[in-house]
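What TrEMBL says about this one:
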ACT_SITE  A:Asp7  active site
BINDING   A:Asp7, A:Asp141  Mg(2+) 1 binding site
ACT_SITE  A:Glu68  active site
BINDING   A:Glu68  Mg(2+) 2 binding site
ACT_SITE  A:Asp141  active site
Number of protein chains: 2
Amino acid sequence: MRVMGVDPGLTRCGLGAVEGRPGAPLTLVSAGVVRTGADEELGARLVGIEAGIDKWLDDVRPDAVAVERVFSQHNVRTVMGTAQAAGIAVLCAARRGLPVALHTPSEVKAAITGSGTADKKQIGAMVTRLLRLAEMPRPADAADALALAICHVWRGGAQHRLAAALAKATKKGPGS
Amino acid sequence: MRVMGVDPGLTRCGLGAVEGRPGAPLTLVSAGVVRTGADEELGARLVGIEAGIDKWLDDVRPDAVAVERVFSQHNVRTVMGTAQAAGIAVLCAARRGLPVALHTPSEVKAAITGSGTADKKQIGAMVTRLLRLAEMPRPADAADALALAICHVWRGGAQHRLAAALAKATKKGPGS
């Protein structure tokens, strides 16, 4: 299962893809960021993010996309741009018929480090260890995107097994 | 000048286009809404809104697009979806190279009614009067989109005159 994670943002939109399945070692596919200038108009920035994400989807060809769920409580100054970048990631994936999952920051932290309140450094260290990399992926947004993708492989795996078991049980049921 | 206004929302995204210039009567071009189901996945909803707005842009061929500026302070439950719908409207317009303006709800209210705290009924009544319609446009989201478009014709007109005057003054300046 190949998953692309998106840590949304207008100035730096983190992107990271991993391949793996629950209970097996994970492999890094790619990591990076799409950047847009704070001096650009909003429209130009959103078009730049769309183009960057579309290029990544073309290159990486993921089976699923995991996007960070944005809340309105924190970072009030930038939250609207973050929500819009997240919306564009969801749009780009959905246009291709790819399954999209939204994970909260604390779900990702808990999945990767065992603690929902882990800091960025801890996330980066665990991403480095789990992908068996020589050094921490930079910038931090790329590491966060990889953490989202890893979280999704693990959570998605569980959900897939559940869906498969349910499908199997339904097939065996009296209705078929 | 033909302007398309967008009152963003996931469940009902209001769209309305008017034609006019400051100091002259305004004409209604079109008004309506793009709807998506609350039971649909976010990705499908965003794809639906993109398709609806793109179809409108094809049909209406506006010179500019005005989108309501979304704030994080109010309607916390729905604000993320509203921000994402707004982002898609900005994206669709910017992809076509159309100028995009963001106006706050109070800017629109003040432009249309003279009061930044006018209610929806008052906005609807003034839109009906300004466009010389037999009855108020329905639903309210369509009327709000028309109000945005009217606000932009008036504000945009002033900005255009300023830009034109500035360009003229610069041409006459010592540098040329």
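A Cβ is built for glycine as well, from the same backbone N, Cα and C atoms used for every other residue.
Automatic prediction, not curation, is the source of TrEMBL annotations.
The local packing around A:Asp141 (Mg(2+) 1 binding site), expressed as other Cβ atoms within 10 Å of its Cβ over all shown chains, amounts to 25.
A:Asp7 (active site) is 6 Å away from A:Asp141 (Mg(2+) 1 binding site) when you measure Cα to Cα. Taken residue by residue with DSSP, A:Asp141 (Mg(2+) 1 binding site) is part of a helix.
For the recorded site, A:Glu68 (active site), the DSSP three-state label reads strand. Counting only same-chain residues six or more apart in sequence, the Cβ atoms lying under 8 angstroms from the Cβ of A:Glu68 (active site) belong to A:Val6, A:Asp7, A:Pro8, A:Ala86, A:Leu102, A:His103, A:Thr104, A:Pro105, A:Val108, A:Asp144, A:Leu148.
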